[in-house]
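In what follows, a structure is listed as structure tokens, so that the remarks can point back to it.
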Amino acid sequence: MVKVEIDEGSGFCFGVVTAIHKAEEELAKGVTLYCLGDIVHNSREVERLKEMGLITINHEEFKQLHNAKVLLRAHGEPPETYIIAKENNIEIIDATCPVVLRLQKRIKQEYMQEDLDEKQIVIYGKNGHAEVLGLVGQTTGKAIVIEKLDEARRLDFSKSIRLYSQTTKSLDEFWEIVEYIKEHISPDVTFEYYDTICRQVANRMPNLRKFAASHDLIFFVSGKKSSNGKMLFEECKKVNPNSHLIDSADEIDDSLLPGVNSIGVCGATSTPKWLMEEISEAIKAQIKRQ
């Protein structure tokens with residue numbers, strides 16, 4: 001009998017849970033509710049909320065909107081968004097994750113200090129990611145974004161550096177970047193770094209590795225847009241090369257199933273539990289048919 005197990009630690013982080021709960025609460029009142037960007041980087045969950053009435057809009061559409069109610073998702077927004085909302089009489093339902101909110105405030109405080117010309121504010125994160133855009137917005141676009149260790153090489157090591165991180169990035173690579181900067185920065189300037197990675201995300205790593213290593217086959221469930229999903233999937237592959245990224249039951253490859261004794265189903269912080277359960281049931285049904 002093949003064992004199919006869902007990782008108990010996988011699924012929405014508390015920031016996403018709060019955003020979805022706020023959306024459902026408003027929609028239950030029968031109001032017209034807009035969401036600025038996909039509420040979560042998972043197309044199935046976005047579709048479920050769309051069926052409930054949630055209207056997803058982009059920033060250009062947001063600028064044209066007046067006298068409406070708009071949900072801001074967990075990723076956070078730059079200050080400009082709040083200014084537009086005030087000008088256009090838009091009521092904001094703010095679901096920005098408290099971890100992201102604290103980070104925005106820290107970066108803004110750093111930026112407001114008088115020695116700005118003498119230092120670089122650096123954010124380790126994904127260029128263009130919603131959270132990163134919100135963080136860079138705290139510095140009126142002055143912060144430097146680096147996506148990986150290689151990009152740290154283009155920093156000016158003759159100027160002081162203040163390093164922060166997107167909340168969902170890899171802790172291991174963050175520390176590699178810290179060590180690289182320490183080795184290369186001029187002794188005449190200062191380097192301060194702040195591990196601002198969400199602990200709920202970071203703490204998933206060891207448990208996820210253990211889960212992936214304990215099964216013959218892993219199906220990692222995540223939306224293709226999820227930054228966190230890509231990172232966690234890579235962690236699975238490191239300990240179990242027989243790990244496969246899917247975002248729906250339709251993507252289960254039948255040819256992988258014969259000869260395995262245990263199958264693990266896990267996912268990102270943007271993956272709903274109901275979707276992992278749906279995929280687990282689909283796997284069991286396919287095994288029965290074989």
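Every residue number used here counts from 1 along the chain in the order it is shown.
A Cβ is built for glycine as well, from the same backbone N, Cα and C atoms used for every other residue.
Residues or ranges marked as active site, proton donor by Swiss-Prot: E131. E131 (active site, proton donor) carries a helical DSSP state (H, G or I). Other Cβ atoms within 10 Å of the Cβ of E131 (active site, proton donor) number 26 in total over all chains.
Long-range Cβ neighbours of C97 ([4Fe-4S] cluster binding site) (same chain, at least 6 residues apart, Cβ-Cβ under 8 Å): C13, F14, G15, V16, T18, A19, A74, H75, G76, T167, C198. Per Swiss-Prot, [4Fe-4S] cluster binding site is recorded for C13, C97, C198.
A sphere of 10 angstroms centred on the C-beta of H41 (isopentenyl diphosphate binding site) encloses 27 other C-beta atoms. According to Swiss-Prot, the isopentenyl diphosphate binding site annotation covers H41, H75, H129, S226, S227, N228, S270, on the basis of sequence analysis.
What Swiss-Prot lists as (2E)-4-hydroxy-3-methylbut-2-enyl diphosphate binding site is H41, H75, H129, T167, S226, S227, N228, S270. Cβ neighbour count for S226 (isopentenyl diphosphate binding site): 22 (other Cβ atoms within 10 Å of its Cβ, all protein chains included). In this structure, S226 (isopentenyl diphosphate binding site) belongs to neither helix nor strand by DSSP; it is coil.
The annotation dimethylallyl diphosphate binding site is assigned in Swiss-Prot to H41, H75, H129, S226, S227, N228, S270 on the grounds of sequence analysis. Classification of H41 (isopentenyl diphosphate binding site) by DSSP places it in coil, neither helical nor stranded.
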Among H75, H129 [binding-site residues], residue with fewest other Cβ within 10 Å: H129
For (2E)-4-hydroxy-3-methylbut-2-enyl diphosphate: widest Cα to Cα gap among H41, H75, H129, T167, S226, S227, N228, S270 in Å: 15
Whole-number Å value for how far S227 (isopentenyl diphosphate binding site) lies from E131 (active site, proton donor) (Cα to Cα): 11
Cβ neighbours of N228 (isopentenyl diphosphate binding site) where a neighbour is any other Cβ within 10 Å: 27
Listed binding-site residues (T167, S227), ranked by Cβ neighbours within 10 Å, top entry: T167
